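> A single structure is presented below for examination.
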Amino acid sequence: MLGKHTKLFFGVSLVALIVSVILAAWGFPKIVSKQIQKNIQIDNSSVMFEKWRKIPMPLTFNVYVFNVTNVEDVNNGAKPRLQQIGPYAYKEYRERTVLGYGDNDTVSYTLKKTFIFDQEASGLLSEDDEVTVIHFSYMAAILTVNDMMPSITGVVNGALEQFFTNLTDPFLRVKVKDLFFDGVYVNCAGNHSALGLVCGKLKADAPQTMRPAGDGNGFYFSMFSHMNRTESGPYEMIRGRENIKELGHIISYKGKSFMKNWGNDMYCGQLNGSDASIFPPIDENNVPEKLYTFEPEVCRSLYASLVGKSSIFNMSAYYYEISSDALASKSANPGNKCYCKKNWSANHDGCLIMGILNLMPCQDAPAIASLPHFYLASEELLEYFDGGISPDKEKHNTYIYLEPVTGVVLKGLRRLQFNIELRNIPMVPQLAKVPTGLFPLLWIEEGAELPDSIIQELRQSHTLLGYVEAVRWALLAIAIVATAISAIAVARSGLIPVWPRNANSVSFILSPHPNSDVNKVH
């Protein structure tokens, strides 16, 4: 009777061990993965959906302005001396409107951003502060004419003197709120013969920074009004229901699956990555070396490079940051050659130096982007200034902390600086003596950091996953112990063959009877 129970115990233990091994190696990971996918995919029933549709907390949007402190000296050929003023802090609210779902596991949506000035975070700074900055819109206009039709530069400049009020030099004295959102009024009601040409061009194809005035006689120039309370897109994004590894990937923008701003090159024109709000979980066995995001403001995808695994908010995370390769010159990174656009400037082939990006193909204006204070850019850019430019990795780099299990952004900062060339043009009185160089206007810092409530939710999820992991290995351990105990019991009861102690003979215990004969081999 005991032998029968022992054999049964052994059989059950062996089956339990096999089942436990399958569960530990495949079952539990599959169940957990499916549950995570169910929670984070873009679906009306998922936990993530509403947080994705309407971000539950505001992002930070900080603006730093480069105030010019020696205007008269610069007008006479001296190096510019700059003073950084900021941050002018804003709360940025984001809300998406779902337009529909595609058969290929996609969702189409528009994104609306709303900016509200945050006086507390801005400290003593006010939107009514007056600053002196490079006249971005004037320089954009005169550079475009000078590059495309240099012979009429002087004539067009005469029209611009009526278009822009008090145009005595290439600098703008302006209130911060007008520069950012409210707008600086420019006039189309003058009588200069070339003014109709300038305003006609704007009416037909105005850049994003110019919006028509209500009186019909002019425009308002501002850096960010086109982003405020207006819907961008539509975007088409993969929902992650069929393949969680593709979650968040942007496959089209404004109906285009390829950005032709950079020609027909597949590398520069492809849409790669997410909109930086959502990422797929990270496979710990195959951690991506680059994290791509699609940036509509520059009409291209950018990437941050993996630095390593880190810890933030007492949780493990993968840390990515912008590296020098992303904005490298074509000599340092030949892959960036397709971002050169020869047709926009008569002065060079469009291949800019290290650390800066030509925005002309994207914005139809000769603007140039960089990291703040020309961080990771060529040092020759710094030599143009008499002070006020001091690149610092901690203050000026772009980075992101990504939680691997869910792909949630724990913390991230995107930093970008807008620049334009200040060019010496002898035929233009306002530019006849100025030194030529790349001049910064301002830089932005857009950031997200999860609130405590969501961090607690993540920690609870991690705790639950820890319990599941403990159960997974506990069941396997119990099955191993039970199988070992039952195997020993079976062996001791004589139900399985054993090797005898006598090295010169082999015996087989065929039954549990103690008086069984032992056959000896001589």
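Cβ atoms are placed via backbone N, Cα and C, with glycine included.
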> Regarding the disulphide bond with C338, report which of C188, C199, C268 Swiss-Prot records as its partner.
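Answer per the record: C268.
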> Check Swiss-Prot and name the cysteine among C351, C362 that pairs with C340 in a disulfide.
C351
> Can you look up which of C199, C299 is joined to C362 by a disulfide in Swiss-Prot?
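So the cysteine paired with C362 in Swiss-Prot is C299.
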> Which has the fewest other CB atoms in a 10 Å radius around its CB: C268, C299, C351, C362, the listed disulfide-bonded residues?
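Result for the disulfide-bonded residues C268, C299, C351, C362: minimum number of other Cβ atoms within 10 Å at C351.
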> Per 10 Å Cβ neighbour count, which of the glycosylation sites N44, N104, N272, N314 ranks highest?
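Answer by Cβ density within 10 Å: N272.
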> What is the total of other Cβ atoms whose distance to the Cβ of N166 (N-linked glycosylation site) is within 10 Å?
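Taking every protein chain into account, the count is 8.
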> Near N191 (N-linked glycosylation site), which residues of its own chain have a C-beta under 8 A away, given they sit six or more steps off in sequence?
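Result: Q162.
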> Given the recorded positions C268, N272, C338, C340, C351, state which is nearest to N44 (N-linked glycosylation site) when distance is taken between Cα atoms.
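Spatially nearest to N44 (N-linked glycosylation site) by Cα position is N272.
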